[in-house]
């Protein structure tokens with residue numbers, strides 16, 4: 001989810017835009033434990049339980065020599081495990097349903113799939129003492145939580161790609177299908193106070209068509225928007241488990257005339273991932289992204305357009321329960337000398353456009369985010385006070401939409417919400433658009449910075 005810059009971040013919904021950078025997303029002990037930095041230092045290891053089975057298959061006698069074999073050994077009924085592409089093990093008896101409704105924790109009872117592991121080019125800089133320090137950056141639940149959230153994202157988005165995202169579908173049906181899947185696979189419907197904080201949506205599903213680049217979602221009682229075969233659709237949604245948010249996005253186009261646009265942005269995102277890592281500077285990452293993206297052009301209906309990196313929206317770091325931290329990764333050459341550090345989590349995303357490559361706030365509302373620095377102690381409007389209690393009890397710092405409020409049964413909230421926004425207690429986010437008639441695309445992955453390499457936690461077979 002793209003992030004606005006601090007200069008534009010606390011603006012009112014339709015405040016004037018400046019030429020400053022805007023981040024792309026708004027900020028408002030188990031058997032599944034994993035190590036913080038050791039996975040890449042020592043490699044991901046499998047389960048020793050299969051060693052005896054492998055030995056038997058190779059004709060090696062694994063029985064105690066002094067035991068006389070009197071009966072033919074019965075064939076073991078032990079369920080075999082298969083290795084996933086990432087090298088971890090999973091029981092393969094259970095399969096996901098369509099629509100997805102089987103808990104990911106049921107499908108992977110002992111260990112969640114690991115993301116794409118990419119060692120750094122030079123790992124000699126990491127001493128044993130540094131590795132021990134880095135392993136303490138993350139608690140025991142950090143990797144299991146992140147890997148569970150990533151697997152939920154993969155399964156839900158692949159279902160959406162196959163079954164939901166089709167010409168003629170309403171964007172509301174796509175959004176609800178994605179969000180129902182996330183809640184079902186996480187096991188938390190978020191209907192009781194506090195349940196939303198355990199697992200669920202990391203932010204509202206963004207479904208942005210054509211010149212709308214980011215921050216659009218269906219709202220209640222608005223006219224249905226129908227997906228057309230000539231549209232370019234950006235799908236951006238987040239999944240969290242215990243506040244560990246996986247932020248990943250992709251673009252769908254049914255007409256191959258947009259292929260170069262999608263390829264440019266996908267390759268630019270992968271370039272950003274390639275250059276990301278411990279001690280990498282934001283300026284270097286941005287320059288590399290821009291060079292790759294703007295090497296492409298796309299021909300649409302006989303006219304050739306250069307693909308432009310959108311310059312006032314950025315990638316960002318992710319903090320617990322906060323989709324946006326304090327660091328930004330522009331998609332263009334810049335002077336940002338901030339460095340990435342061990343233990344950090346980043347959303348590496350890029351947006352490309354056939355238009356100006358600059359976004360403005362549009363009319364409408366995408367969602368809301370609680371400003372934790374502002375108290376509601378001086379509120380006078382009773383509806384605003386009541387609404388703020390609902391927000392704090394059910395969403396906290398996680399961005400939410402009007403659909404989420406109505407799902408909780410909240411009614412007649414618009415006046416109270418306006419009061420909260422006017423007092424700076426809640427921030428309202430608008431859709432971000434390029435010029436009409438242009439087309440925009442987005443691809444995004446979440447990465448974890450281990451001491452020995454990076455883990456592209458949201459990587460899948462699709463992108």
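Placed from the backbone N, Cα and C atoms, the Cβ positions cover glycine too.
Of the residues 224, 247, 434, Swiss-Prot puts just one in the divalent metal cation 1 site with 236, 444: 247.
349 is the only one of 342, 344, 349 that Swiss-Prot places in the divalent metal cation 2 site (with 247, 316, 444). Here is what falls inside 10 Å of the CA of residue 236 (divalent metal cation 1 binding site) among the binding-site residues 215, 316, 324: 215. Cα proximity to residue 444 (divalent metal cation 1 binding site) (within 10 Å) is found for the following binding-site residues from 215, 316, 349: 349. Among the binding-site residues 215, 247, 324, the ones whose Cα sits within 10 Å of the Cα of residue 349 (divalent metal cation 2 binding site) are 247, in sequence order.
With every protein chain in view, the residue among the binding-site residues 236, 247, 444 whose Cβ has the most Cβ partners within 10 Å turns out to be 247. A sphere of 10 angstroms centred on the C-beta of residue 349 (divalent metal cation 2 binding site) encloses 31 other C-beta atoms. Under the three-state DSSP scheme, residue 324 (substrate binding site) falls in the coil class. Cα of residue 247 (divalent metal cation 1 binding site) to Cα of residue 316 (divalent metal cation 2 binding site): a span of 10 Å. The Cβ neighbour count for residue 215 (substrate binding site), using a 10 Å radius and every protein chain shown, is 30.
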